[in-house]
Number of protein chains: 2
Amino acid sequence: MIAKAAQRMIEERESKFLIPSEIVANVQEDNHLDHAFLVLTKVKYAKIPVLDSEQHFKGLLSLAMITDTMLGLNGIDPSRLSRMKVKEVMQKDVPVITLPYNIEEIMHLLIDQPFLVVVDDEGCFTGIVTRREIMKSVNYMIHNLEKQYLVDEKIGTKADLSYNDK
Amino acid sequence: MIAKAAQRMIEERESKFLIPSEIVANVQEDNHLDHAFLVLTKVKYAKIPVLDSEQHFKGLLSLAMITDTMLGLNGIDPSRLSRMKVKEVMQKDVPVITLPYNIEEIMHLLIDQPFLVVVDDEGCFTGIVTRREIMKSVNYMIHNLEKQYLVDEKIGTKADLSYNDK
């Protein structure tokens, strides 16, 4: 359980959480790696979603997953990029979330993920929720908590802190 | 100003914030890009620090900054990697922080940075503070806030919320 006050204040910015799929760069699982190499070199995200032809979310792809196939005995070799497909190198074990948002779940998953993929009931890619937007909401919360709530140390805690000051 | 209660609780995990320089992969500004390509393909971070020969922090480097030099008229060409140096393509406008930590500053900078570079008074690289560790501290704070503090809605706010429920 997380503090109700914190949860409510983070939820106040909820409408801003989603970066919709239309403006998130993605690649298809059957794209060849040379195409994905170009996309990931030009977009700002370190990882992007991989979709199938019906917009179902299939995995995530980073440049390192592609460049790893270029390391050979004779140095850096791009020749395999035109033969290999995205689905051969992508990361498949990716947590996804669905609407409505569960703040506690989002806060927990974002410890290990730079962004969370949002899917609909059919598994189609809806958009992403980034650490960036959640960090903004946490900043909003810690800046405004004492404006909307009275926050007082509990007696026992106060005694402990003063003891630690010695 | 951020809420004192939130600040104190985030600070409780402060000793865990720093990932020390000894265990953070880095490259030298005079390294050639083929070496940096190998390092960034094998480490988990999307960006790594660039240092000079005396450990001063000089910038950040991502795989995309390297692969951008490989895009030519004839497709993907690695030949320039052995001639170009890290300092020619690295990102130089990078905020840094120094000890002691300023929680409000860290929370603000981490909106736009996946991690913060920590330097000493001479500008030498000390380590990094990641969004991951700060997300852990924020989770600790929102899970324990009501154990250590009494948090009550202020009257005006409560009235507003009940009005919105209708």
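Here the Cβ of each residue, glycine as well, is placed from N, Cα and C on the backbone.
Here the structure is a predicted model, which means the values were calculated and not measured.
Copied over from TrEMBL, here are the features:
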DOMAIN    A:90-145  domain 'CBS'
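Secondary structure of the domain 'CBS' (A:90-145) per DSSP (helix as H, G, I; strand as E, B; remaining residues coil): 22 helix, 15 strand, 19 coil. A mean pLDDT of 96 is what the model gives for the domain 'CBS' (A:90-145).
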